[in-house]
């Protein structure tokens, strides 16, 4: 009984091995003609590995996709393990470019130095952190930074909308926001509360911004904040709050124009890539970064929901290349 | 009077029975209805996106060009190492613990720890894999590192399931084998394993399904979210289906949520196929015995 099982087992196993070696052959033979085809025109090859912020991921993925369509011998991989893990991988030498939704920290610079390395900071696009409310909310369409701070600061006593402004409804505010590990959380708390990473804790946090979208769009008295691209995709379900820097300033709504010219303050922030300096010597990385900063690259950033930087900032990034 | 009391009691007991009957039925329905709603939602969202292109394209920034090819192959590559390795090591360990090991403190210590390991959160295995396989052994963020991490993750479950299957074989069958002059190895091979096989296979394939569906440890070990080349060896970079689905579900565009649903359908089909194989094998060997 068992012997017959053994026999059948070995047949199945052999079949599996054959299948896999066939699959391996298949992919090789598929790739060969492609290799030959690419020899004319460009001789770039190699591997570019990118890891880091999930906010920057869509931009890097889009650029990688189009770059590989031109240079098909270059393999670009993009991962999204978070800004901090991206820098850790950069320090460990596992990747050549780190995606980050915040600037590099001093201790990360030091750790790179200890490895004899250096990261080069290149802002690639703007993201406007958008404060959103339910479309039925007709009272809080404009808010000052002070009002936002009153709601979000540590130890905030705001329970109802009327605690912020007596003219607003006497109904409890439901708050939604990103988790504490997120770069969006760090920037928002820094810009609004004045101290980074400090915020009231009794809100509904989620690492998945789509959960925040669902939360705010389903509750008239809800409020939340997240990246501009999530607002753009859900404009039919959400309204953006126009922000006033202070009582006398004009209220500015987040749009591509206001984020680009810097009038949407203080929640407009740049997102970055950090190539490691030693990798800049490599031809394929140079070309990849040039493509990233090119007009095509800028258009890709806008296509996935971010705002392109002023042209001189891209020119400055390119001047850092050897 | 006495008769009235007895009748009353009878009624009360019957009522109690009815209450619990309804309670247990609604518990059962709760799970089934939730599962059905989930499946319907996914099928409605995803079916329209499921076509041959979806299976043969790679991920893209455009929803309509997105496909799951690299992820399917990544999952197959990973399982081609994880499945045989965890099965061989797991079943061997179970045989040792049940058939050879003496009941001393050392073996009790191993036993307790295996049971505890089965309850460790998967992300912890990810961190372990990152430190040991990726960095210390220097495998890099490769198929091999991911597969070995997954092997560690499901090993305790396979061991425990196999032990239970082996334990269920009555001692009298072993004694009969010994009485006929067979030694321990012969008894294991000819008596214990054939009868325990259905249980072992069920447990193993359920564990393989878990490995196919895990995301967190592989993100930590460094399976990448966007890759367009298929692995050619175990040292190549890779991605797996749950990571691809997670990436799509996180994007802001509504269409990508439907693409994610299509990915979930493919993943479910793969899992259901695996479970069907498990049931088929179990029935086959149960009949023989």
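Just so you know, glycine gets a Cβ as well, placed from its N, Cα and C.
Under the heading domain 'ABC transmembrane type-1', TrEMBL lists B:72-278.
Among the features that TrEMBL reports, transmembrane segment is placed at B:20-44 (among others).
According to TrEMBL, the feature transmembrane segment maps to B:70-97 (among others).
Residues 144-146, 148-149, 152-153, 155-157, 160, 214, 216-222 of the same chain sit 6 or more residues outside the transmembrane segment (B:117-137) yet have a Cβ under 8 Å from a Cβ within it. Summarising the annotation, TrEMBL assigns transmembrane segment to B:117-137 (among others).
Taken from TrEMBL, the feature transmembrane segment applies to B:143-166 (among others).
Taken from TrEMBL, the feature transmembrane segment applies to B:187-208 (among others).
Sequence-remote contacts of a segment are chain residues at least 6 beyond its ends whose Cβ falls under 8 Å from one of its Cβ atoms, and for the transmembrane segment (B:259-281) they are 41-43, 45-47, 49-50, 54-55, 63, 66, 68, 71-72, 75, 197-198, 201-202, 204-206, 208-209, 212-213, 241-242, 244-245, 248-249. The transmembrane segment annotation in TrEMBL covers B:259-281 (among others).
A Cβ distance under 8 Å defines the sequence-distant neighbours of the transmembrane segment (B:187-208), meaning residues of its chain 6+ beyond its ends; these are 79, 82-83, 86-87, 90-91, 94-95, 99, 154, 157-158, 160-162, 164-166, 168-169, 173-174, 176-178, 274-275, 277-279, 281-283, 285-286, 288-289.
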